[in-house]
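K.L.:
In case it's useful when we look at the structure, here is the feature table from Swiss-Prot:
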- 106-305: domain 'ATP-grasp' (DOMAIN)
- 136-191: ATP binding site (BINDING)
- 259, 272: Mg(2+) 1 binding site (BINDING)
- 272, 274: Mg(2+) 2 binding site (BINDING)
């Protein structure tokens, strides 16, 4: 018989080595404080300094994984935890690895008939054959260029002129071997949290700049968030169903946040999955959960209870 959660020793994995280390440290400290306030035996563990493979030997029973980006959100730490036999929060190995790859996630959604932006894929090796004219004829202008793998909107560029396309792709190639060139979606940006099997209310994101980049996500205070997002009940319901399908198709579990854009005609287009959403004071998941009655601490405990 497993020990009750309150008697278990919980490792809060935070920090790590990805480009999103700072965000993860902030999220991790918030989660740690919440768990301790709720009477849990929780300890901060930074994989940059501590060998995660030793956690079980050190008497830990369970992991709250709040690492962001590569190494923490891409299936590798999940695989390690499976190997040593420790239950952990969030998605498993396959869903974590898949959703870290924006291109393959979109291809899978598309195969299931779910709506995504039209895109072209460029790799480091195919870059020399890139023909901006052909791309623009297919996708129009402006365009969004982004690395397939890096999180937190690192390496993004909005391309307004055909002559700027190559340099934008070169910039994105600094962050990843594979780059997506996507049609520009001109409508609202929404994000939808999912907790277990419960789809929480959508949030509308209104950045003051051109789009929601790293600065707007984590630093700026002038990005506006609206929850409820202002959709009609009917549209919210449609969005809820779409997001739940998208979540199930890629095999998510525990909790995730799915980003959605509206195109020029007001149709929903799936953008990406965040399998370890931020849990800082700026973060969107707790904002949405609060509107249906979860305090930050209750939310953290619920995520822990969903761990497998």
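First residue shown is number 1, and so on along the chain.
Cβ atoms are placed via backbone N, Cα and C, with glycine included.
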K.L.:
How many Å separate the Cα atoms of residue 259 (Mg(2+) 1 binding site) and residue 178 (ATP binding site)?
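P.N.:
Here the two Cα atoms are 20 Å apart.
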K.L.:
Rounded to the nearest Å, what's the C-alpha distance separating residue 143 (ATP binding site) and residue 272 (Mg(2+) 1 binding site)? Just drop the number here, would you?
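P.N.:
The Cα atom of residue 143 (ATP binding site) is 17 Å away from the Cα atom of residue 272 (Mg(2+) 1 binding site).
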K.L.:
Measuring Cα to Cα, how many angstrom lie between residue 178 (ATP binding site) and residue 274 (Mg(2+) 2 binding site)?
P.N.:
19
K.L.:
List, in sequence order, the same-chain residues at least six positions removed whose CB sits under 8 Å from that of residue 157 (ATP binding site)?
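P.N.:
Residue 157 (ATP binding site) has long-range Cβ partners 144, 145, 146, 164, 168, 171, 172.
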K.L.:
Averaged over the domain 'ATP-grasp' (106-305), what pLDDT does the prediction give?
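P.N.:
Mean pLDDT across the domain 'ATP-grasp' (106-305) comes out at 93.
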K.L.:
Cα-Cα separation of residue 185 (ATP binding site) and residue 272 (Mg(2+) 1 binding site), in Å?
P.N.:
14
K.L.:
Long-range same-chain neighbours of residue 272 (Mg(2+) 1 binding site), Cβ under 8 Å, sequence gap at least 6?
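P.N.:
Within the chain, residue 272 (Mg(2+) 1 binding site) has Cβ neighbours under 8 Å at 99, 102, 105, 258, 259.
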K.L.:
Given a 10 Å Cβ-Cβ cut-off, pick out the one of the binding-site residues 178, 274 that has the most other Cβ atoms nearby.
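P.N.:
When each Cβ's neighbours within 10 Å are tallied, 274 leads.
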K.L.:
Reduced to three states, what secondary structure does DSSP give residue 185 (ATP binding site)?
P.N.:
coil
K.L.:
Measuring Cα to Cα, how far is residue 136 (ATP binding site) from residue 274 (Mg(2+) 2 binding site) in Å?
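P.N.:
One finds 29 Å between the Cα atoms of these residues.
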K.L.:
If we count other C-beta atoms within 10 Å, could you say which of the binding-site residues 143, 185 has the fewest?
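P.N.:
Sparsest of the binding-site residues 143, 185 by Cβ contacts within 10 Å: 185.
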